Amino acid sequence: YKLSVSPEMDIMEYCRKEWRGNTPAAKRMRKGYEAVAQKFASIRRIRGDNYCAFRATLFQALSQATQLPRWLQSEDFTMLPENLLSKYDWIKQWQLREKPGKRMGEIRDEIKEYLILLRQKWKNISEIKGPLEKQEACDKLFKNEEEEYSLYEALKFLMLNTAIELYNADKSGKRVPIFSWLLFARDTSSNPCQLMQNHLNHIGHSGGLEQVEMFLLAYALQYTIQVYRLYKHSTDEFITLYPNDPEEDWPVVTLITEDDRHYNIPVRMCQETML
């Protein structure tokens, strides 16, 4: 049985274990980890199975949640699948995890359940006051495979909804963030239907999130995702923000990556940093 989120370990100890050699890459990684260790004391490894960007982001968001985000509070949040399926027939091709070829009604009801679960878990965890108890609740949730993967399905559907909103806004001449142009400039995702068929349906199965999809995830959650990209150490892309012009009031979660494919999480902010 693989842990979804491993227990915490000292960052520099982890780095020494993983990057022993004297190659330029190993030296750069060590420098990167040293920089992260100025801010954070520990690291928690995230299980790598093509869902790791979701897992790392959601775990960080929940473990510091103190309230339900506005978009999760809205009345029509759980009506999303119904509303979108009534407008866009192609959403019938949505691939539910391990359940290809579902009928439209089943897809609608199942995604609605996932969204309800996301709201319920977020609400429960955000209401826990003690940091230790909150951490325990997060650990427990990420040991429940059935619930955990249902939450990722909810996130994917929220990304689809956000992509549709951005695509429609652009078509009607409204200003959209630059990443939205890049998202729909790809041959494989020139519209939301293609994005779903060629990208979202494959996340977790045959691939993880690409760079441009990290922006989409950040917009869907209305969170700023700050990533230490260790292989970019000593360049101006070492700390990358998704989106790079975040809204003032969006909470921030921090991840670490060595290669833009797999993500781990730094924990325990050093005291000086907190002040």
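Placed from the backbone N, Cα and C atoms, the Cβ positions cover glycine too.
Bear in mind that TrEMBL entries carry predicted annotations, made automatically and left uncurated.
The shown structure was predicted, so the numbers you read here are calculated from the model rather than taken from an experiment.
Some features that TrEMBL has for this protein:
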| type | residues | note |
| --- | --- | --- |
| ACT_SITE | Asp49 | active site |
| ACT_SITE | Cys52 | active site, nucleophile |
| SITE | Glu237 | site 'Linear diubiquitin binding' |
| ACT_SITE | His262 | active site |
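Ranking the active-site residues Asp49, His262 by other CB atoms within 10 A of the CB puts Asp49 at the bottom.
When the recorded positions Asp49, Cys52, Glu237 are screened for a Cα within 10 A of the Cα of His262 (active site), the ones that qualify are Asp49, Cys52.
Rounded to a whole value, the Cα-Cα separation of Glu237 (site 'Linear diubiquitin binding') and Asp49 (active site) is 25 Å. For the recorded positions Cys52, Glu237, the largest tally of other C-beta atoms within 10 A is found at Cys52.
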